[in-house]
Amino acid sequence: MAANSSFFLADNCAPHNQSFIQFCIHAASKKKGRIALMCLANLFLLFSFHLLYARFCSGFPYVVPSTARSTNQIFHTNLEQLVNSPENKQIFSQLKFSDQAFYDPHDNVVGTTEFPVFNQYQRQPYVANGYIGSRIPNLGQGFTYDQLTNSSTANDDDLLNGWPLFNKRYSGAFVAGFYDLQKNTTGTNFAELLENGYESVIAAVPQWTALSLSVEILGKKYTLDPSLEHEAIGDITNYVQNMSLSDGIVTTQFTWLNTFDVKYEILAHRENINLGLVNMQVYNPGNESVQVIVSDVLDFNSSQRCQLNQISHDKNGIYVTFHPQGLSYIDGAIYSTLSANGQITREQTNETVFQNVELTIEPHSCVQVAKYVGIATTDLDPDSFKTADDVLKFARKVSQNKKHGDATQLVNSHRSAWSKIIQDAPLVTFPSDSLLNLGARASIFHLLANTRPNAEGVTGALGVSGLSSDSYGGMVFWDTDLWMLNGILPFAPDHIKSFINYRVHLHQQAIDNVPRGYQGAVYPWTSGRFGNCTGTGPCLDYEYHINMAVAMASWQLYISGAADDTFLESVAYPIINDAASFLAEYVVHYNDTLGKYTTKNLTDPDEFANHVDNGAYTNTGIVLVMRWAQIAGSILGKQVPKIYHDIETAMFLPTAENTQNITLEYSGMNSSVGIKQADVIMMTYPLENELIDQDQAYINMEFYSMKQVGYGPAMTFPIFSIVASNLAFTGCASQSYLHKAIQPFLRGPFAQFAEQNNDDYLTNGGTHPAFPFLTAHGGFLQAILQGLTGMRFDYTFENNKLQRLLKLDPIALPCLGEGVRFDSIKYDNHTLSMAINETHFTIKNKGKTTPNARNYVTILLAERNAMHGKYTINDEDEQSFPLFETSESFPDSISECNKAGFFNITEGAYGDVSISINDGDNTTSWQAKYNDTTGKVLVDLKSFRNISSGTFIWGDKPPKRVKVSKYSGSSFTAVTDFFAQVDFGNELFNEYKYANPEGKLHNQSDVFEEVYSGDVKISAPFDPEEYFQVWVPTRHNITEVAVNLQTRFLLIEVDEIHNTEAIDGDYGGAKLAEVVFY
């Protein structure tokens, strides 16, 4: 059965098998002989079908109402088993908002059985198809603002979105490119620029998913409206809400008022991008008929930054037309058609229009109501949609089009369209790491759901949070051109063409943005409808690297083979050349003293350092833009200015004046910096070590790893993982960074990245996190593909000819067991599959995607690979190659990397992951969150081992005391046994109650035997001279422990710290940089 299959039979809304029995008896009692006979004759077949169907989470399993639960618990039991299965808990015990979350990897469905009484953005799924999108609240439909929880730590700041709007979060509906025009925003970068041009942020359209259900019981009315207080909604039990990562359908099901079983199914159609469906089914398991009212509502008050044009109804449905704020010449329309077996009445107020149907639900029967919604805007086809009537006419046509069939047929066509994109096999699989497996599949889904192939004009725009949120005003940053694009390009190149089309659409404005007297084009930091320079989106004296990202996007598409020389001439070259021209004339200046080209008054990606000179990432990116312009010009036979070559070969790069030669983020940077996000590290990826060599790149990685602040955004550590994959020759930091990139940032239950590792504005550095943070989904995909396989779209260029190469540098993955598999990678008009297992890398050419493609692809294995060189892989051929294997950082260790698992029992500092303790890299660490409590870590050596000694490398915050204990028993054989059955002095056992059905707890002292305890001496005292250098420490505080014992499990405990004053604002506990046992 396909994911999200209904427990109702699709054609006649028949109930599930348990109530089916009751229905047969009820029919027989009324002498409905033929019906009863048919029911009984098919009972055995139906029951057998459901046994087969009962694979947990095959779509949306039916949950038997608690007040009338049969002894046959097939569906309920299996879902409960899934939620509490070790495989499922292994994922969600690591993620926030995930107490009752589940993931069914077979059907690729995520969901939760926990009813969120309070609507919170982290707990909400959404639907989207690249043109329309909507966030879905707890009841499965409708509009609500976020609601403050009853937690003692809840505060009003929890309800707010971030810069630049700082508005209250809500379950909004959005249309691609539907940007407004407004004088200003609450937050800006350069407020003085507001005088030069208005802002343009995304407008939320009226919420189209609202389909409420009302009933009166004992004189009190209850309504399924998520904006109401819980008392007005009524009791919700047996709750399940899920989202398919294969087709994007969101399904919500529950028992309401202990009386009805209600199911909502919502989709944004993948193929018919203007069409949304809300399908509701209500089942009455009782013995009396019940009257209910279904209301289809379009409420203009659920919109944001829109102006109402008309709200009304006709004989077939209801509709609303509107403009984005400040733009009367741009129109939007929503038309809703209700399909129900009853008399529909319609009414309206000044800002709301309803269509209602009163239905009688007979005992043991169900009713089905479907809402077909057409949504359109002028931007989709400006040449055809010239008036509001044109847009409304089209929306009405979409809503009432009989060709799409009934709800079941619409669901089927939607799934069919999705299957053409993702095909049958999962695009990424981590067989041995369920969290990475979910993160990869979710990231592909979220980026595909929020994009569509070849979108034109402003509808190709993709904001930081896609089509379900107005985080960052829905505006377009470099996040789209660099982070999202490089993440999804290898899987769906047609989708990323939309990003480039959007930049082409605004290219003339970018030309107009250039100051008088200069040439080229300059894009603003933020873009909406117009692409002009604004208070949020300055063009000058700020993040010039946005222009490199825009240029790089078109260049990457070209060298990937997804675009040809026609694209190069008409699209890529104008963008690249105009960027080069502007940068060469306006941004770059020749410094006679240095004999180099320099830059001034800019901001690199690290936005903690504004108005600096010679940003390392920016200067390096400028070099590449100059090179691309020259190569593209040569291919096309165009003359390019000599200055491009001069800048390419003589760009200044600031470096530290010592033997380590660390690249400075900007001229004059000192050692006290706290870096917001990946910056210099990005010189290695995606800028491929331009201006630096491998040694300098490696020392950069080590230095800047220690300088990242603990509250930076989620795109930082995917880059560190990629760079460690590329550079590290010992240890397994590539894999520890990979977990650091996902575990603190991914939110359950619907596997969406948050911008921050801590969502609390009061404690995370003052950020209201963007959500969902598609930037991180794109970054994570790059970490697993471009990182672990080393895949790069590369080329050679000789005699004005560009030869495409797929560069590969696959590495061994000791911490990831069976490795990783990739299917349906698109390169040079071919489909490839790639896999890393324990010993080899395998690549298969699965054939052409276009008839005119060559019969082969050319790959280049990196120099460090034992089989370095070029290889031709013909269509349908497969080849295997060795992996690059790092050596051990600590020879003879029994605990480094995959030899042991380190698991924190007490909380770590925000963003830290315990795998950093044994990854063989002293510049990564795990820090105890608090200094006034004991930090505890459990070590699993994976088998019974003889241990003679241990080494603790503390980093810059050694504890005052350390204690090591061993487990000598035999009843506990897994980490979860300890977590579930041992009282470590915190509430950890409550999170693992599923693994302790008897509820018996053991005291820590009864389980572990102390084998070492001692004070930690300072072996590397603080050296002010060293501290004030831009320098990776070569001295470490180390504690050596001599023991003689045998065990599999160890407990490490650390107390307090030596520092009496905080270093760099860090008030946490002890840091464990590396722990090694021999």
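Using N, Cα and C of the backbone, Cβ positions are placed for all residues, glycine too.
Note that the structure is a prediction, hence the values are computed from the model and not measured.
The active site, proton donor feature in Swiss-Prot is assigned to Glu607. All chains included, 16 other C-beta atoms sit within 10 angstroms of the C-beta of Glu607 (active site, proton donor).
Asp479 (substrate binding site) falls within a helical segment according to DSSP. Of all Cβ atoms in the shown protein chains, 25 besides its own fall within 10 Å of the Cβ of Asp479 (substrate binding site). The substrate binding site annotation in Swiss-Prot covers Trp478, Asp479, Lys676, Gln677.
The N-linked glycosylation site annotation in Swiss-Prot covers Asn4 (among others).
The N-linked glycosylation site annotation in Swiss-Prot covers Asn17 (among others), and the record cites sequence analysis as its basis.
Taken from Swiss-Prot, the feature N-linked glycosylation site applies to Asn150 (among others). Within its own chain, Asn150 (N-linked glycosylation site) has Phe118 as residues 6 or more apart in sequence whose C-beta sits under 8 angstroms from its own.
Taken residue by residue with DSSP, Asn242 (N-linked glycosylation site) is part of a strand. Swiss-Prot lists Asn242 (among others) with the feature N-linked glycosylation site.
Around Asn301 (N-linked glycosylation site), taking its Cβ as the centre, 11 other Cβ atoms fall within 10 Å, counting all chains. In the three-state DSSP reading, Asn301 (N-linked glycosylation site) counts as helix. Summarising the annotation, Swiss-Prot assigns N-linked glycosylation site to Asn301 (among others) and lists sequence analysis as the type of evidence.
Positions annotated as N-linked glycosylation site by Swiss-Prot, on the basis of sequence analysis: Asn532 (among others). Over all protein chains present, the Cβ of Asn532 (N-linked glycosylation site) has 21 other Cβ atoms lying within 10 Å. Asn532 (N-linked glycosylation site) carries neither a helix nor a strand DSSP state and counts as coil.
The Cβ of Asn661 (N-linked glycosylation site) lies under 8 Å from the Cβ of Thr655, Gln696, Ile699, each of these being in the same chain and 6 or more residues away along the sequence. In the three-state DSSP scheme, Asn661 (N-linked glycosylation site) is classed as coil. Residues annotated as N-linked glycosylation site in Swiss-Prot: Asn661 (among others).
Here Swiss-Prot flags Asn670 (among others) as N-linked glycosylation site. Under a cutoff of 8 A between CB atoms, and with a sequence separation of 6+ in the same chain, the neighbours of Asn670 (N-linked glycosylation site) are Phe1028, Val1030. Asn670 (N-linked glycosylation site) carries neither a helix nor a strand DSSP state and counts as coil.
Under the heading N-linked glycosylation site, Swiss-Prot lists Asn837 (among others). Proximity of Asn837 (N-linked glycosylation site) to non-local residues of its own chain (separation of 6 or more, Cβ distance below 8 Å) is seen for Glu818, Gly819, given in sequence order.
Annotation note: Asn922 (N-linked glycosylation site) sits in a coil segment as assigned by DSSP. Long-range C-beta contacts of Asn922 (N-linked glycosylation site), restricted to its own chain and to partners at least six residues apart, with a cutoff below 8 Å, comprise Ile953, Gly955, His1036, Ala1073, Glu1074. The N-linked glycosylation site annotation in Swiss-Prot covers Asn922 (among others), and the record cites sequence analysis as its basis.
Under the DSSP three-state reduction, Asn931 (N-linked glycosylation site) is assigned to coil, being neither helix nor strand. Around the Cβ of Asn931 (N-linked glycosylation site), the same chain contributes Glu1056, Ile1057, Tyr1067, Gly1068, Gly1069, Ala1070, each under 8 angstroms and 6 or more positions distant in sequence. Taken from Swiss-Prot, the feature N-linked glycosylation site covers Asn931 (among others), and the record attributes it to sequence analysis.
In the three-state DSSP assignment, the secondary structure recorded for Asn946 (N-linked glycosylation site) is strand. Annotated N-linked glycosylation site per Swiss-Prot: Asn946 (among others), in sequence order.
What Swiss-Prot lists as signal peptide is 1-54.
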Candidate with sparsest Cβ neighbourhood (10 Å radius) among Asn242, Gln677, Asn946, the listed recorded positions: Asn946
Inter-residue C-alpha distance, Asp479 (substrate binding site) and Asn946 (N-linked glycosylation site) (nearest angstrom): 50
For Lys676 (substrate binding site), the one of Asn301, Asn532, Glu607, Asn946 that lies nearest, given that the recorded positions are compared by Cα: Glu607
Cα separation, Asn301 (N-linked glycosylation site) to Gln677 (substrate binding site) (Å, whole number): 38
Pairwise Cα distance for Asn242 (N-linked glycosylation site)/Asn301 (N-linked glycosylation site) [Å, integer]: 27
Top Cα neighbour of Trp478 (substrate binding site) in the set of recorded positions Asn301, Asn532, Glu607, Asn946: Glu607
Packing count at Trp478 (substrate binding site) (other Cβ atoms within 10 Å of its Cβ): 23
Any further residue of that chain within 8 Å (Cβ to the Cβ centroid of Trp478, Asp479, Lys676, Gln677) of the recorded substrate site: Phe477, Trp483, Pro605, Glu607, Ala678, Pro713, Met715, Thr775
Asn301 (N-linked glycosylation site) versus recorded positions Asn532, Glu607, Asn946 - nearest by Cα: Asn532
